[in-house]
Amino acid sequence: MTDSRFLNHLRDTLAGIEADGLMKRERLIEAAQSARVRVAGREMLNLCANNYLGLADDPRLVMAAKAAMDSHGYGMASVRFICGTQDLHRQLEQRIAGFLGMEDSILFAACFDANGGLFEPLLGEADAIVSDSLNHASIIDGVRLCKAKRYRFANNDMVDLEVQLLKAVADGARFIMIATDGVFSMDGTLANLGAISALAEKYGALTMVDDCHATGFMGPQGRGAPFHAGVKVDVLTGTLGKALGGALGGYIAGPQPMIDLLRQRARPYLFSNALPPAVVGAALAALDIVEAADDLREKLFHNAAYWRAGLEAIGFRLLPGEHPIVPVMLGDAPLAQAFARALDARGVMVSAFFYPVVPHGGARIRTQMNAALSTDDLDFALAAFEAAGKEVRAIR
Ligand SMILES: *Cc1c(COP(=O)(O)O)cnc(C)c1O
């Protein structure tokens, strides 16, 4: 029997989370992830998935996954370097690198692992990492695991970035790496990669961009935020778990010696299983779709523009932007939660965010557009937002 004093301590912590109104509850989806999902027997419109291109239940990906299982089996039962590398893994790594304009790439079980494993092998005590304050948790953890000196700049604040770079230079850093999300997922804002690149050049720093919320749909051919900004960065990390099919898997793409060294030293790569063939095969099919045509991206951005205009016409306050992440700002947490419940009752699934995930007073419903949503779906959602907004007095 586990020590009851310890279990009571855990129960107290859980009670505290509940009392603070921070308990996260999971909805059980009873079929495939899609624009419309069945939850507890009800059909709901889903406005909170990272399924940007609507590929999560695409028959072409399902078929590619099945075909890869038929030809390459179910599991690898090994890390990559012992006996877990198939031709498919190398194909996908080269495909990703080509797509992103990099020399090579290396797969991880998730982008969380890619970011967790990136910094420690590449940088040491003599070096500096200058990191955006709103960077994803996995970057923060990866930076913590690395011995380099840490500098933090205010979100997307280029004046502060320069101040931090100057500090790192003054502290005598051997190498400096600037780390940023390509798109900040709570706000849907794009990192100012043009200015970041210019500052990197000025101070001889390397640039690392986590492009999870852009790869597949931002920029020409969906190559991501750096291409959208027209700049070249030194290292990119990304996920197969969002636009590129939504299953799981992550990668780092960069110069050959960097990828070669990560294959030798990145701990989540060395000590964790190879991706299963089904995921790798379907990711290759996702890249085929992404590279072949702009139709899904056009639908996605059409939906995003339609949705933003519709919400603004009803009177909601949005954060400005063009990204398919469209945050509806409500201010206080109870209002955001009440609004999410009122939408749920009307068959619309959204996610409310409040402190500590976003700043005090910045509570919001984060909606996300995707290419699988029809105009009818969006009109249905707009009517629901208007009715629910009036019910909870978020709008007049
Ligand atoms: C989703 C996300 C991750 C984690 O990706 P996984 O592949 O799901 O682990 C990392 N960074 C950013 C910015 C993300 O949005």
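Glycine too: its Cβ is placed from the backbone N, Cα and C atoms.
The feature pyridoxal 5'-phosphate binding site is assigned by TrEMBL to C111, F112, S185, T239, L240, G241, K242, S272, N273. Summarising the annotation, TrEMBL assigns substrate binding site to H136, R366. Residues annotated as domain 'Aminotransferase class I/classII large' in TrEMBL: 43-384. What TrEMBL records for K242 is N6-(pyridoxal phosphate)lysine.
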### Summary
For R366 (substrate binding site), the closest of the binding-site residues by C-alpha position, picking from C111, S185, L240, K242, N273, is S185
#### Entry: Candidate with sparsest Cβ neighbourhood (10 Å radius) among S185, N273, the listed binding-site residues
N273
## Note on the structure
Result for ligand 1 contact check over binding-site residues C111, S185, L240 with Cβ cutoff under 6 A is C111, S185
### Summary
Same chain, |i - j| six or more, Cβ under 8 Å of C111 (pyridoxal 5'-phosphate binding site); the result in sequence order is S138, D210, C212, T237, G238, T239, G241, G250, Y251
### Query
In sequence order, which same-chain residues at least six apart have a C-beta under 8 angstroms from H136 (substrate binding site)?
N115, D181, S185, D210, C212
### Query
Using a Cβ-Cβ cut-off under 8 angstroms and a sequence gap of six or more, which residues of the chain neighbour K242 (pyridoxal 5'-phosphate binding site)?
N50, N51, Y52, C212, H213, T215, G216
### Task
For R366 (substrate binding site), list the number of other Cβ atoms lying within 10 Å of its Cβ atom.
22
### Message
Looking only at C111, F112, S185, T239, L240, G241, K242, S272, N273, which the record lists for pyridoxal 5'-phosphate, tell me the maximum pairwise CA distance in angstrom.
### Response
28
### Task
Give the sequence-ordered list of residues that share a chain with L240 (pyridoxal 5'-phosphate binding site), lie 6 or more positions from it, and have CB atoms under 8 Å from its CB.
G246, A247, L248, G249, G250, Y251, V279, A283, A286
### Query
Helix, strand or coil: which one is C111 (pyridoxal 5'-phosphate binding site) in, per DSSP?
helix
### Query
Along the domain 'Aminotransferase class I/classII large' (43-384), what average pLDDT does this model show?
97
### Query
Taking DSSP three-state, what's R366 (substrate binding site) in: helix, strand or coil?
strand
### Query
Going by DSSP, is K242 (pyridoxal 5'-phosphate binding site) part of a helix, a strand, or coil?
coil
